Structures are given as structure tokens and as C-alpha cells.
Amino acid sequence: MRFGILVFPGTNCEMETFYVLREVVGVQADYVWHEARDLTPYDAVVIPGGFTYGDRVRSGALACRAPVMEAVAEFAARGGLVLGICNGFQILTEAGLLPGGFRPNAHGRYRCGWSRVRVENAATPFTLACRPGQVLKIPVSHGMGNYQADPDTLRALSENQQVLFRYCTPEGAVTPGANPNGSAENIAGIVNRTGNVAGVMPHPERATEQVLGSADGRLLFASMVQHLTGRVIRV
């Protein structure tokens, strides 16, 4: 079982991602440079957060054109698991592997702090270890986390159960006040139609041990391992 962690110029969350994969959920993990063209050694790929290429043009707009993203598209087409976190989510939308896109936060400020998200679909490779409706405490850290899509796309996401998480209160209520960035319908994470490519705006890799304030983030990585191996990781 081996995970590839993509690294672009400006990626800054690869070390936390490496730690949770190796030390918390116990799988092999490698850093994969943005010039790589072959992902066949890997069972899953994670695109971590950061500010790739300094967010020039817009978040993810340059990274999506890196050579490794052609390999990611081929990997996903073969059914490989791909998880994009924060900037990784933005890159996946820019690459056309997930629908929609991102705007600057509606309040015009960078947002860094704890958020709560409600599990909307617990039957995906990224949420198997979660309960439907479970509230997770996971931090956000972004200036362009405002997910938007046209009405038809938003309708399809809901009808096809492609929404993984919505921002919510600690009690699980989806309210405007619980939305840290103005995302349409409080969307915090989605999955593609085939269920193997996911993007989340909060940072699960920053919430994997109680000493950090929450261990809820490890559920996403544990879910991926469970899907790939059948091994259930206690969290």
C-alpha cells in the first residue's frame, strides 16, 4: 500500500500529509515532484495544500498544467483514488477533474481557524470511517475557499450525493454563520461521479491527533486505507 504526495513549487502541507500517512495510519508514502509523469507505483494520490506557484493568475491555475497532472488524470481514469486538500481541491477543479471553481472568500479576508463540517455521504472511499451526519472538527486556512458552481452543477452534486461535507455548527446545523468563506450551499468537499476523486477545503492533515485539538481529520485517510485494503483503523 503506497500513497503518492504531489509536491509543486509553493506546496507547504506535504510534510503534515506525509506524517499522517506514515505515522498515524501506517502506510507507505512518497513525495512526487510536479515533473513526474508516472503514478503507476501508487494506490492513491494526495494533492496537499499550499500556494502553488504563488497563486499566480489564480489558485491552482498554473499547477493544473504541470506534467504530473496529466498522470493524475490518467490515474483517476483508471479508478485510482485522488484526494485534493485546499489548494489541491482548487487544482482538481482547474484541471477539470472536479466540477465548479473557487472565488476569494466572500468577506475578503484570509480565514485560518477551526471549522465544523457535517458528513453528507458516508459511503465513499473518503468517508467510509465516518457516520452519516457526523460533525468533524477540522481547521481551514485559505483566502480563496469560496466554492461556486452553476445551478445545474449544484443540483447534480446534491442529487448524485457528490457532496461529501458541508460547513455546519458544532451541533450539525448548516447555517450561513457556519460558512467560513461563502461557499455555495455551505459545500466544504465534493467527489466526482465515479467516486474516486475528491476535494476538500478544510485541512484534515492538521487534525489527526488529539494534541492538535482534534483527531477527526484522520477519518479521511483511514477511510481511504479501508477502501483499498479492507483494514479498519481505529480512530
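Yeah, the Cβs are placed from backbone N, Cα and C, and that goes for glycine too.
Since the structure is predicted, the reported quantities are computational estimates derived from the model, not experimental observations.
Marked as domain 'Glutamine amidotransferase type-1' by Swiss-Prot: 4-234.
Taken from Swiss-Prot, the feature active site, nucleophile covers CYS86, and the record attributes it to sequence analysis. Residues near CYS86 (active site, nucleophile) in space but far in sequence (CB under 8 A, at least 6 apart, same chain), listed by position: CYS13, PRO48, GLY49, GLY50, VAL140, SER141, HIS142, GLY145, VAL200, MET201, PRO202, HIS203.
The active site annotation in Swiss-Prot covers HIS203 (among others).
Within 10 Å of the Cβ of GLU205 (active site) there are 29 other Cβ atoms, across all protein chains. What Swiss-Prot records for GLU205 (among others) is active site, and it gives sequence analysis as the kind of evidence.
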Mean of the pLDDT scores, which run from 0 to 100, over the domain 'Glutamine amidotransferase type-1' (4-234): 96
